[in-house]
């Protein structure tokens with residue numbers, strides 16, 4: 001842009017396109033005395049810089065000039081950024097719906113993923129469109145200056161919330177592997193929501209200094225007309241607190257979780273191979289279902305038993321979940337690391353580095369980081385069957401899973417042992433009463449028959465007696 005404004009040869013090369021676009025040449029009609037501008041006037045306007053000393057690069061930064069000189073480039077950029085925005089919003093809305101409606105997905109880890117989807121969705125709604133607008137305006141801030149600090153605050157807030165959620169998920173999974181009894185006993189829906197609130201509170205606290213100081217001093221959020229963090233202290237401290245420290249915790253806990261799962265799987269396989277019998281903890285009450293679930297992961301019983309098979313299955317499920325989360329962690333790190341590393345380099349080698357190159361890299365890397373918010377729903381779709389089936393139904397506007405007729409047949413063919421003993425006793429009493437009533441009716445009918453036969457025989461005997469007496 002600066003080259004086009006400063007070099008006369010570059011400006012004269014654009015006259016061919018100006019001669020072909022009569023409608024666009026009217027943009028310069030205000031600079032001439034005549035009502036309509038012709039091609040020679042346009043040529044003189046671009047070349048005769050001596051007679052027009054007030055012409056500068058600032059005049060070339062108007063929206064009409066930008067749309068004329070960079071029409072093709074800006075349209076491609078707008079198209080790519082619009083695709084990222086649509087994928088981010090639509091995909092994360094599907095994740096929120098899936099966790100809210102599917103009972104299979106309602107657990108602590110998926111609640112964290114739903115909150116992460118909310119952060120990514122808000123990033124697509126509030127931050128990405130404004131960033132796309134700045135691209136169209138040549139990375140100049142086109143909105144009121146007070147909104148610049150608010151926009152940077154939202155950008156840092158949602159990006160920090162994303163990595164804080166991933167860090168919290170990694171810690172939660174590690175605690176669940178290391179201490180399953182304590183984790184299962186104290187891990188409820190309420191506790192999960194409290195952890196999510198804590199994550200959002202930390203994210204707000206980290207990003208709050210930006211609007212506090214940025215609204216008071218515009219120089220902290222403006223640099224040469226562009227809306228960005230211009231304070232080196234903000235850049236350094238914010239990068240380490242909001243990204244590098246949580247990243248270190250997330251990576252360490254994730255690898256410790258993988259190591260613990262491998263160790264547990266090795267122990268379980270060795271127990272199955274050697275058929276070693278360990279303590280059975282038979283003193284536990286059979287009616288305590290929660291206690292049984294708590295010890296399924298930490299107790300290995302006789303090989304071939306139901307508990308041993310289920311322990312191995314639980315380890316396999318944990319490994320699959322860690323695989324999916326590992327892919328999410330890896331993509332987030334790969335997509336955001338270039339931006340934060342370049343951001344730190346811009347502060348450290350401020351004098352020796354080329355600011356134009358650093359600025360261009362930051363503009364590209366920030367959108368690669370935004371792309372991670374759109375990738376997460378795709379990962380869930382590829383590696384989780386429940387998410388995949390839920391997304392396909394939601395796209396078809398089917399928000400409830402269709403029940404198969406076989407399920408109704410199974411409900412109607414429940415064996416008698418599935419009922420409670422009290423229900424069986426009541427049924428037996430009812431049947432015994434009906435049998436007794438039937439027996440009484442039968443007995444009464446027999447009695448009536450006997451009575452009728454006795455009366456008939458009595459009548460006959462009376463008749464005989466009467467006849468005898470008469471004789």
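Cβ atoms here come from the backbone N, Cα and C positions, even for glycine.
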Students should find that the transmembrane segment stretch in Swiss-Prot, chosen from 81-97, 268-284, 285-301, is 81-97
In Swiss-Prot, the N-linked glycosylation site annotation, restricted to 44, 107, falls on 44
With reference to Swiss-Prot, specify whether residue 353 and residue 396 are located on the same side of the membrane.
no
Can you identify, from 112-137, 398-423, the stretch that Swiss-Prot calls transmembrane segment?
112-137
Annotated range (Swiss-Prot: transmembrane segment) out of 323-348, 427-452:
323-348
If Swiss-Prot marks one of 38, 75 as N-linked glycosylation site, which residue does it mark?
38
For the motif 'NPxxY motif' (376-380), distant same-chain residues with Cβ under 8 A (at least six beyond the ends)
91-92, 94-95, 113, 116-117, 120, 324, 327-328, 331, 387-388, 391
Beyond a gap of at least 6 residues from its ends, the CB atoms lying under 8 Å from the topological domain 'Extracellular' (216-232) belong to 134, 139-141, 145, 148-149, 151-152, 210, 238, 347, 350, 362
Within 10 A of the CB of residue 155 (serotonin binding site), the number of other CB atoms across every chain shown is 24
Measure the Cβ-based neighbour count of residue 343 (serotonin binding site), defined as the other Cβ atoms within 10 Å of its Cβ.
22
Tertiary contacts of the topological domain 'Extracellular' (349-356), defined by C-beta under 8 angstroms and 6+ residue spacing from its ends, are 232
